[in-house]
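Enquirer: What TrEMBL shows for this protein is this:
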type     : residues : note
TRANSMEM : 22-42    : transmembrane segment
DOMAIN   : 32-444   : domain 'Cation/H+ exchanger transmembrane'
TRANSMEM : 54-72    : transmembrane segment
TRANSMEM : 78-99    : transmembrane segment
TRANSMEM : 111-139  : transmembrane segment
TRANSMEM : 177-200  : transmembrane segment
TRANSMEM : 220-242  : transmembrane segment
TRANSMEM : 276-294  : transmembrane segment
TRANSMEM : 306-324  : transmembrane segment
TRANSMEM : 344-365  : transmembrane segment
TRANSMEM : 386-407  : transmembrane segment
TRANSMEM : 419-439  : transmembrane segment
Amino acid sequence: MGYQVVAAQLARLSGALGTSDHASVVSITLFVALLCACIVLGHLLEENRWLNESITALIIGLCTGVVILMTTKGKSSHVLVFSEDLFFIYLLPPIIFNARFQVKKKQFFRNFMAITLFGAVGTMMSFFTISLAAIAIFSRMNIGTLDVSDFLAIGAIFSATDSVCTLQVLNQDETPFLYSLVFGEGVVNDATSVVLFNALQNFDPNQIDAIVILKFLGNFCYLFVSSTFLGVFTGLLSAYVIKKLYIGRHSTDREVALVMLMAYLSYMLAELLDLSGILTVFFCGIVMSHYTWHNVTESSRVTTKHAFATLSFIAETFLFLYVGMDALDIEKWKFASDSPGKSIGISSILLGLVLVGRAAFVFPLSFLSNLTKKTELEKISWRQQIVIWWAGLMRGAVSIALAYNKFTRSGHTQLHGNAIMITSTITVVLFSTMLFGILTKPLIRFLLPASSNGAASDPASPKSLHSPLLTSQLGSDLEAPLPIVRPSSLRMLITKPTHTIHYYWRKFDDALMRPMFGGRGFVPYSPGSPTDPNVLVE
């Protein structure tokens, strides 16, 4: 009898496991099919002036959610439960790393002051604007059990622009200046927002004094500096190992695998040490594109470039697909359905705060930036400022992930206030991405017609910001034989700090860093090495 009971329990257990495995297979199959559909439709709509791949993925996700909702009779709109780990550990690293790995380093650092001004200082200004307004408005609306720490988190969540969608909307050939500035700002903005969000987790707003504020600032600086150091260290370690071992001489597969795994290792080490993985992989990408990429064989360079780009593209498409499906999640809307008017009002207020928070730093910082420019060509015009403001209004996967991290547990919530914030975040993301994303291309064509971009967009101008960041040949931009003028006085450092710092960095890099870690023109000849002219690329 006991044997029969145990056998029955084992049968039920195996049946449950079999059902679970079957459900996982169905979910993965559906998402793979949807990814294929997004790629095909994205290709067909590539020349469409209104739609881009992000909006296409959102629309397909929404339509799929409706179908699943009807199939399950209103029980669920998606086949996967959102997981912060899925986003932060598997999907976000390739997106951030690829954006930094394929960037034109010379243009990035030439525009570094402006990018830092908009990406770091601007993000902080947006954070304070949104947070203070949220505290003043939402604290009077009786939204459940939300407190000041939640409102501060809202400021960090909605300060994160969606650089992924923005880059798909802007075209580096049509608007090289805007692409340069928005791209750099977007990457720095993501890193700053996540570091700020993580620093707020240990911040107690109920006991605010000088010591608490200093601890918060110290924690923020610690995360920033430590994450940067870890990313640089991992990147240099990969360059040194590949330079010394010449792994590609024996196996291109091993070489490519090591580059990709070392990049991912930097992110996971940061998460293990409670640092900012985004910032770590951000600087790891800079270092690896400057040193490691030049130490591998030609075939490995081509492979790594396209491998990172492919992984990033798939991750981006997957995220927008899921956001579209999750927008119809019945569970969250049920908890927020007691007060639909309040939910719509909160979404409208948040969208308004996004507009105001963006304007609060774009126009003032553009004015300050223009004060340092000597010619009208280098200044940011009013039309360009409007486009920069508009292009950064979209919110996407980072905001969604941070909101889930703050207001849910394993993708679920049973608190009224938290449910309202989740549904409001989803509403803002959908509305901003689809509306602002659809109107961005026509707005750019209206404000910046092609005929007026000719002189301003001349990429040959050495003192201009008007150059695209990305390049088809990685690394060729930083080592271009441009004349470097030696700064003659302290006045040179004050008036042109970027050029002066770049001059001394090049001297340090050529004298110490490249001989040790490799790089373009500094990899010693060895049979089978990347500099061996007899190595054939298959």
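Each Cβ is built from the backbone N, Cα and C atoms, and glycine gets one as well.
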Enquirer: Looking at the transmembrane segment (22-42) and the transmembrane segment (419-439), are there 3+ C-beta pairs under 8 A, with each pair at least 6 apart in sequence?
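Expert: Checked: the transmembrane segment (22-42) vs the transmembrane segment (419-439), no contact.
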Enquirer: Taking residues 6+ outside the transmembrane segment (111-139), which of them lie with a CB under 8 Å of any CB in it?
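Expert: For the transmembrane segment (111-139), the far contacts come to 146, 148, 151-152, 154-156, 158-159, 180-181, 184-189, 192-193, 196, 346, 349, 353-354, 356-358, 360-362, 364-365, 368-369, 388, 465, 497-498.
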Enquirer: For the transmembrane segment (220-242), find every same-chain residue at least 6 residues outside the stretch whose CB is under 8 Å from a CB in it, and list them.
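Expert: For the transmembrane segment (220-242), the far contacts come to 195-196, 198-199, 248, 255, 258-259, 262-263, 265-266, 269-270, 273, 275-277, 279-288, 291-292, 295-296, 516-519.
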Enquirer: Can you work out whether the transmembrane segment (306-324) touches the transmembrane segment (177-200), with the criterion being 3+ CB pairs under 8 Å where the paired residues are 6 or more apart along the chain?
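Expert: They are not in contact.
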Enquirer: Do any residues, 6 or more residues outside the transmembrane segment (276-294), come within under 8 Å Cβ-to-Cβ of it, and if so which ones?
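Expert: Here the qualifying positions are 88, 92-93, 96-103, 105, 187, 190-191, 194-195, 198, 223-224, 227-228, 230-232, 234-236, 238-239, 242-243, 259, 262-263, 266-270, 301, 304, 474-475, 478, 513-514, 517-520, 522-523, 530.
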Enquirer: Give me the stretch from 54-72, 344-365, 386-407, 419-439 with the greatest number of Cβ pairs under 8 Å to the transmembrane segment (177-200).
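Expert: The stretch with the most contacts is 386-407.
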Enquirer: What same-chain residues lie close to the transmembrane segment (386-407): Cβ under 8 Å, and 6 or more beyond its ends?
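Expert: Counting only partners 6 or more residues beyond its ends, the transmembrane segment (386-407) has Cβ contacts under 8 Å with 54, 82, 84, 87-88, 91-92, 118, 150, 153, 156-158, 160-162, 164-166, 169-170, 175, 178, 181-182, 185-186, 189-190, 193-194, 197, 316, 319-320, 323, 326, 354-355, 358-359, 362-363, 366, 380, 413, 415, 418-419, 421-422, 425-426, 428-429, 432-433, 436-437, 439-440, 443-444, 447-448.
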